[in-house]
Ligand SMILES: NC(=O)C1=CN([C@@H]2O[C@H](COP(=O)(O)OP(=O)(O)OC[C@H]3O[C@@H](n4cnc5c(N)ncnc54)[C@H](O)[C@@H]3O)[C@@H](O)[C@H]2O)[C@@H](O)CC1
Ligand SMILES: [K+]
């Protein structure tokens, strides 16, 4: 699905206006599409409707909806939140209401009357703010949003729930909680990025008359990951191939007590088609791993007294890195001075693409600046708590400002950042953000991240560039998890079960 920022949307509308689709017409089209969407869900006749309108063009859309629902038989009242409209088209549409039996209330001055109406309202149309909103809700709009959220009614937000930022997915804590959001022309980042995405309810995208060529040349900074993008990045396997064709992954993982993490990461890499996976693990654990990882090969590493990789293992890893097409470090590796030294060695010496996960990320927390000395391209796959530790911020703050923190981090260290969570975000070293909407909360279990790390690393080992590997990995992982949930339930499914569904996915796409 197409995603545009608020300034791009303004540009598109400007071009439309210059080409004869005037602002006024677009407002009529937007309001008509929204009214039709509402009426397709709830028969309007005799329904009690409150349209909360701001003073900008989002409010103007609201006036169009008010008029159309009234004409279809609803009992409509308009609630002005910031006073009378200030834009030309919104004012024109406001004027059209005067000849109709549509009561107009002022949110502050007519509060007692509004309280009565709110007791038995059927539909609330939220047209306070759209793409023009920035920062925090001010006093009156905050009270208005709270009154919407406190009412028992179906809430339809026009373009965006009021109180969310269109471009970065941030949300005021009192932003409108919609049941449905009708986006105009294109999705905006907020429709897909949390926490704003969580305010939207079900999202529909409505045509307002824009012609594709008015938007084709705009740079795509936010991209929704689609199966087509994924399958285009993963080549079909050539007929005359051999295991060397599909790369060699060096996976430096495992420690006493966390062997499962290493195992899942190996299986993840194998199931995305990697030619050969070498598990480099503390030597006392090799026989245990060898008993279940039939298709892997092993590099027994020098270990310390704690049963974790010793810093002296660097001498073993150096030559192996030279022979590998990608490296993964960190799944169940443990976090101590020795593992930190090994992580530092690998970051500074891996010329092939390197994925750092879990304890590898924790090790970076000791000296994050070694990332600036990376010998090759780096992908990081932290979960929110790991990233928060790394950035030295509170997890809550990080989750509220995902785009701000994620983008700055990926750019500063010139790496690909996989920001895991509901709708995982993949930040490219440039400005781009890839948004993944596959996956479900059945993935919220130990082992999911290890599987994902192995999958992305396995794709990198096959020569798929790191950014594309991350994008493909998160989509495949989530899509397989969705199938798995259908088969086994979100509650009972395990990360290892997802591997079976991954096979089904590849079969379906002929890979
Ligand atoms: N530009 C156009 O021609 C079209 C715009 N459309 C609608 O217009 C919307 C954008 O309209 P606008 O650009 O007028 O903006 P909005 O209607 O989204 O915002 C209204 C006003 O709120 C102000 N504002 C921003 N942050 C605020 C805050 N924290 N507290 C209080 N006020 C704040 C802004 O300065 C702006 O004047 C779209 O989301 C869409 O719904 C549609 O009608 C289609 C056509
Ligand atoms: K709105």
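Residue numbering: from 1, along the chain as shown.
Note that Cβ sites are derived from N, Cα and C of the backbone, with glycine treated the same way.
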Key: Listed co-binder of K(+) (same site as 58, 126, source TrEMBL) among 37, 147, 162   = 162
Remark   = Of 446, 447, 449, the one that TrEMBL places in the same AMP site as 420, 421, 422, 423, 424 is 449
Note = Result for ligand 1 contact check over binding-site residues 57, 58, 420 with Cβ cutoff under 6 A is 57, 58
Key: Any further residue of that chain within 8 Å (Cβ to the Cβ centroid of 58, 126, 162) of the recorded K(+) site   = 52, 54, 59, 62, 127, 128, 129, 130, 133, 157, 158, 159, 160, 161, 176
Request  = Tell me which binding-site residues (57, 58, 162, 449) have a Cβ under 6 A from ligand 2; sequence order is fine.
outcome  = 58, 162
Inquiry  = I'd like to know which of the binding-site residues 58, 162, 422, 423 sit within 10 A of residue 131 ((6S)-NADPHX binding site) at the Cα level.
reply    = 58, 162
Inquiry  = Using the alpha carbons only, what distance in Å do you get between residue 449 (AMP binding site) and residue 60 ((6S)-NADPHX binding site) once rounded?
reply    = 46
